Amino acid sequence: MANDSPAKSLVDIDLSSLRDPAGIFELVEVVGNGTYGQVYKGRHVKTGQLAAIKVMDVTEDEEEEIKLEINMLKKYSHHRNIATYYGAFIKKSPPGHDDQLWLVMEFCGAGSITDLVKNTKGNTLKEDWIAYISREILRGLAHLHIHHVIHRDIKGQNVLLTENAEVKLVDFGVSAQLDRTVGRRNTFIGTPYWMAPEVIACDENPDATYDYRSDLWSCGITAIEMAEGAPPLCDMHPMRALFLIPRNPPPRLKSKKWSKKFFSFIEGCLVKNYMQRPSTEQLLKHPFIRDQPNERQVRIQLKDHIDRTRKKRGEKDETEYEYSGSEEEEEEVPEQEGEPSSIVNVPGESTLRRDFLRLQQENKERSEALRRQQLLQEQQLREQEEYKRQLLAERQKRIEQQKEQRRRLEEQQRREREARRQQEREQRRREQEEKRRLEELERRRKEEEERRRAEEEKRRVEREQEYIRRQLEEEQRHLEVLQQQLLQEQAMLLECRWREMEEHRQAERLQRQLQQEQAYLLSLQHDHRRPHPQHSQQPPPPQQERSKPSFHAPEPKAHYEPADRAREVEDRFRKTNHSSPEAQSKQTGRVLEPPVPSRSESFSNGNSESVHPALQRPAEPQVPVRTTSRSPVLSRRDSPLQGSGQQNSQAGQRNSTSIEPRLLWERVEKLVPRPGSGSSSGSSNSGSQPGSHPGSQSGSGERFRVRSSSKSEGSPSQRLENAVKKPEDKKEVFRPLKPADLTALAKELRAVEDVRPPHKVTDYSSSSEESGTTDEEDDDVEQEGADESTSGPEDTRAASSLNLSNGETESVKTMIVHDDVESEPAMTPSKEGTLIVRQTQSASSTLQKHKSSSSFTPFIDPRLLQISPSSGTTVTSVVGFSCDGMRPEAIRQDPTRKGSVVNVNPTNTRPQSDTPEIRKYKKRFNSEILCAALWGVNLLVGTESGLMLLDRSGQGKVYPLINRRRFQQMDVLEGLNVLVTISGKKDKLRVYYLSWLRNKILHNDPEVEKKQGWTTVGDLEGCVHYKVVKYERIKFLVIALKSSVEVYAWAPKPYHKFMAFKSFGELVHKPLLVDLTVEEGQRLKVIYGSCAGFHAVDVDSGSVYDIYLPTHIQCSIKPHAIIILPNTDGMELLVCYEDEGVYVNTYGRITKDVVLQWGEMPTSVAYIRSNQTMGWGEKAIEIRSVETGHLDGVFMHKRAQRLKFLCERNDKVFFASVRSGGSSQVYFMTLGRTSLLSW
């Protein structure tokens, strides 16, 4: 142990007797900070010679430390490798203020080693430069160590260079002398990254000690700093580095380019056990230090480099230097002048030193003369000797007392250490018991949680099995009903054919009777030809007529009865169903199946309450437990009847007043009353003239089934009542064409149920078009040319005016796509539009179509489909526009007029700014767009081959910033002036400076161009994903690597970079997606997704556990997003994977009995600020509520395409589409600031 009491010789230093610096030195500017004061560049007034002046306030508390520093500098600064101490002055202050002490030292104008490394290309010095500087450092340390002084703060900033490339050690503010008897210290002082393990151990263990060899560890770290630009662990937080240095193996040089001598020197300096570390003299004999043949050339190179650096830096970037004195104290030792500096001084320096020595000598002579004069006057020689003997006796007595006191103190400290060790052992025992108790509680809790989770899983499986069983029973009942109806149909068909055969036989029988009667009449005529009197030409006698009643009575009708009856049946049937194919079949004696209309040629037959009450049912609310985007609005592109429209096109070319299908069964969830001028859809069945309203039947875009008619007897309402199921079944049942279609029909019936089951629905009914022809049909239109025919007045009225069941109209929010060509209004119906209506309070409804070349179809709001009728009628969710009787050429439009906008808003009830819009930029990128981030209003775009800036504020120009580097992910942090990226072939985490990127565009700052524009975060490679999380004023960066997760935190000035915070390695499941949540503002948890599910890591304890594992999926999954739900204190999450999403909390418990179900497998899922989530699929873009998972909106694609989410801000969402061939374009969607609340 060292003696911590001040040295007695320091009492002799009288600060008040020092001279005032006024007129001798003047301060020029501040150049740095020392341990106890600021360092100025000063100038000698008379000679102009520069000096370093350390200015300190003299307080009572720090007076002893200042004396120690003066003593240390005075005694040990006279060496060529230590900054020379010139003298001290006192600047008096007014009463009430502390005096200022000026310490004048040698000025080193070339700066520190740290400045030299920073101003060198690549931030690394040559190996022979490092050897020369290390040797000079060791020589200075050897001088200090000989005098038992430990510097304790060796680092690059405390090693300065003169203009002649000489190396000087400075800052004795933390140095101390060793006790000569013990030789070790145990105080915790130094800079973290350069600190030796034994010095760090003193902070944790009071019994730990160290000696002068701790300076040699710091010398080795300084050598690494010169070789690599920074000390090891510099990316870590300082407290983290203090934790790792004693536990990690000794650091080594990373690069293999250095010589074996250099590696050996580093190994010698960095020995963790300081007792085995070589001494200073041994390291000076090391080959790396000893063998320096070209020392003169090295000094010349260093001097030239220093001169070049000073010219570049100029006056504005002066180097900061740190000078200070010692902190510790020691007993008095004989004062030594020390060896004078052996360096060649700059002219003027020797004069300055002689002036100081002369001033000090004069002061000393004057004080000695006064003392001699006083001693001669007051005391005699005998009294002096007596006084000296008394002093010696007292001193001896005092020494004995100090020894006894020290012995007692050491004994007391030993007892205290024993008591402390006992307490620590007891505390460790209690902690182990507490730890075991907590582990037991945790084990029990986990067992209880596992048991509860297993029970919940078992109950869930049972519920699913019960639900599936009920579904199968329901489907079985549906199938039985359909089979029963099929048997009834077949029975009716057989009965019809039997009756036709009876009629045919009756007609043949009547024909034979007629022939017999004709033969009989011929015979009578033959008899009448004979000559008779006039009265003999009367009719035959009555008894003869009565003998043949069956031949004579029906004579006027016998020949015409079958044809007349067929005409009556045809007329009666034409009045009810507007079609007559079956009536024509009566004359041929067989049943014909009418042609099946295509989607663009037919409307469904809406029936009113007055005619067919069996078809009416209350509208059911559409609130599925598992939400999907399937709705009746979305038509099937793969409909088996799609192709039949061209085969039956002849039926569409006939006159609409005479040839329409007899009865159409439409497969939709609800039936709509089709209004017309003066007639309804119900009256078209009951009282209207045949063919009077050919546009009065609505087509939904779903597949149709056509029922064959067998005979003309019976009203249409009776046939409908037999065909439709009971009202309490809550769904329509449709007649199939043939028994082979029963399976498909049962599947279709399940698809249109109002309440969907909570399990996954496998068939997705969305398509690229909502109505009309496909892209292939568009090509047919181009080939046929402009052969168009206009529809009749009824067609125009049906397509341009819509009257709902309660006489009110609807305004529908639409999606508008702005492309290279702006939209133009047109009043003709488009072949690709689908009109969505709902009840509102507007006055009228008109139809307006726009032309566009976009790849998107109108925006669809599913809440428009959930309409409850206000009266006794039913309301449809879909109204298509086409006409049964219209020729196909009349429906097909110009292929350039492909309408993608349906706007039913005649009264302008909503401004255009509230309408969801999609725009795209004309710029096509040659390589695939992988990521993007908003920088101000402009967009930084990262692709497979580089980084570019898309100027959104100007003409849309693209500026290339970085070429030939892949950018996978990026985020702009403008407040920190950085762009965080995962980039390069090795997927490193790089941070680019925004000022450097801005200068690559503007080229207005040549200083910025010379600096390196980016840096890496640690040595991380193979980054998969990262997330920047802001909590209060702390910015965390959580990074997913191939098999680990790293957490970094932003360290402000002077570090100004991300520094390591936590690391979790060797994870069981490899992370693919990562996020960080703060539970209740206290606990940090890392949430990450893998191919097996979602997991959490407690940052404090490092424990890893599962949050949600989708066990119903056997293969690996693809996690899409981790959404931390708002207003839950970071406790509840929505995790999206595959085509599903579940609500869980951070402890793995299901919070909502709802499964978010996408309509198809999304390629990208993102959370947007409007508290919604968006999914990009190949067929559509879906917008869903984050809180409930319900579908809020759908944007359909005209053709399948792959989309990728980029970024979002406020009401704008940016995404990219990738075309075949590699080109990619940027889209942005403007949702409208208020539209999200009013959809």
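Here the Cβ of each residue, glycine as well, is placed from N, Cα and C on the backbone.
Ser639 is the residue among Ser93, Ser639 that Swiss-Prot describes as phosphoserine. Per Swiss-Prot, the phosphoserine annotation among the candidates Ser77, Ser341, Ser823, Ser870 falls on Ser823. The phosphoserine entry in Swiss-Prot, when matched to the candidates Ser684, Ser692, Ser712, corresponds to Ser712. Beyond the ends of the region 'Disordered' (421-462), by six or more residues, the same chain brings 1111, 1148, 1150 to within a C-beta distance below 8 angstroms of the stretch. Here the region 'Disordered' (421-462) is broken down by DSSP into helix, strand and coil counts: 42 helix, 0 strand, 0 coil. Across the domain 'CNH' (926-1213), the prediction's mean pLDDT works out to 92.
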